[in-house]
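Structure first, commentary second.
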Amino acid sequence: MILYVRHGQTDYNSSNLWMGSIDSPLNEKGRIQAESLATELSDVCIDKIYSSPLIRAYETASFIAEKQKKSPEIVILPGLRERCFGALEGTVKDEMDRKNLALYSDVESEGEFAERIEYSMSSIDKNGLILIVSHSAVFRCLIEKLGYSTTPPLDVIMNCQVVQLNI
């Protein structure tokens with residue numbers, strides 16, 4: 001079984017800014033969210049944790065690993081990093097930008113992004129209970145690949161929300 005967790009909140013999240021590949025740490029609320037989630041998951045026997053290399057995901061994964069009885073290994077998978085949003089990163093999110101991402105030449109294409117995520121998922125050892133800590137666009141890509149609805153609000157995963165994926 002795979003549990004998927006989106007990282008805790010950052011200042012970019014709270015300010016509604018495009019973050020993408022910007023390596024922003026958890027803010028105070030994000031650390032509290034991660035600590036709370038770690039406590040909730042402390043009785044769940046996680047065998048291995050896979051994390052995006054971005055600090056917000058790794059910090060969240062570390063909080064969870066510290067509360068586990070077995071101290072599961074955290075494996076950093078570079079391919080689990082958030083989608084690159086190019087020049088949009090650091091700017092206020094706008095609905096028009098969301099709908100027109102393909103028009104931005106420096107935004108990672110949907111195809112390249114999906115291929116990267118698929119490759120990363122193929123390298124994950126799916127034996128035992130696996131936890132993946134990553135990002136919202138990665139989550140949307142995964143649920144789309146699994147055939148689930150990506151129509152709002154079903155495509156949204158909140159900071160430090162856990163979703164069980166049957167892969």
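Note that Cβ sites are derived from N, Cα and C of the backbone, with glycine treated the same way.
Keep in mind that TrEMBL annotations are predicted by a computer and have not been checked by a curator.
What TrEMBL records for Arg6, His7, Gly8, Gln9, Thr10, Asp11, Tyr12, Asn13, Arg56, Lys93 is substrate binding site. Following the DSSP three-state reduction, the secondary structure of Arg6 (substrate binding site) is strand. Of all the Cβ atoms in the protein chains shown, 25 others lie within 10 Å of the Cβ of Arg6 (substrate binding site).
A 10 Å cutoff on Cβ-Cβ distances gives His7 (active site, tele-phosphohistidine intermediate) a total of 30 other Cβ atoms nearby, all chains included. Marked as active site, tele-phosphohistidine intermediate by TrEMBL: His7.
Summarising the annotation, TrEMBL assigns active site, proton donor/acceptor to Glu82. In the three-state DSSP scheme, Glu82 (active site, proton donor/acceptor) falls into the coil class.
Neighbour counts of Cβ atoms within 10 Å were compared across the recorded positions Gly8, Thr10, Tyr12, Arg56, Glu82; the minimum falls on Tyr12. Residue pairs drawn from Arg6, His7, Gly8, Gln9, Thr10, Asp11, Tyr12, Asn13, Arg56, Lys93, the listed substrate binders, are separated by up to 19 Å at the Cα level.
Between the C-alpha atoms of Thr10 (substrate binding site) and Glu82 (active site, proton donor/acceptor), the distance comes to 14 Å.
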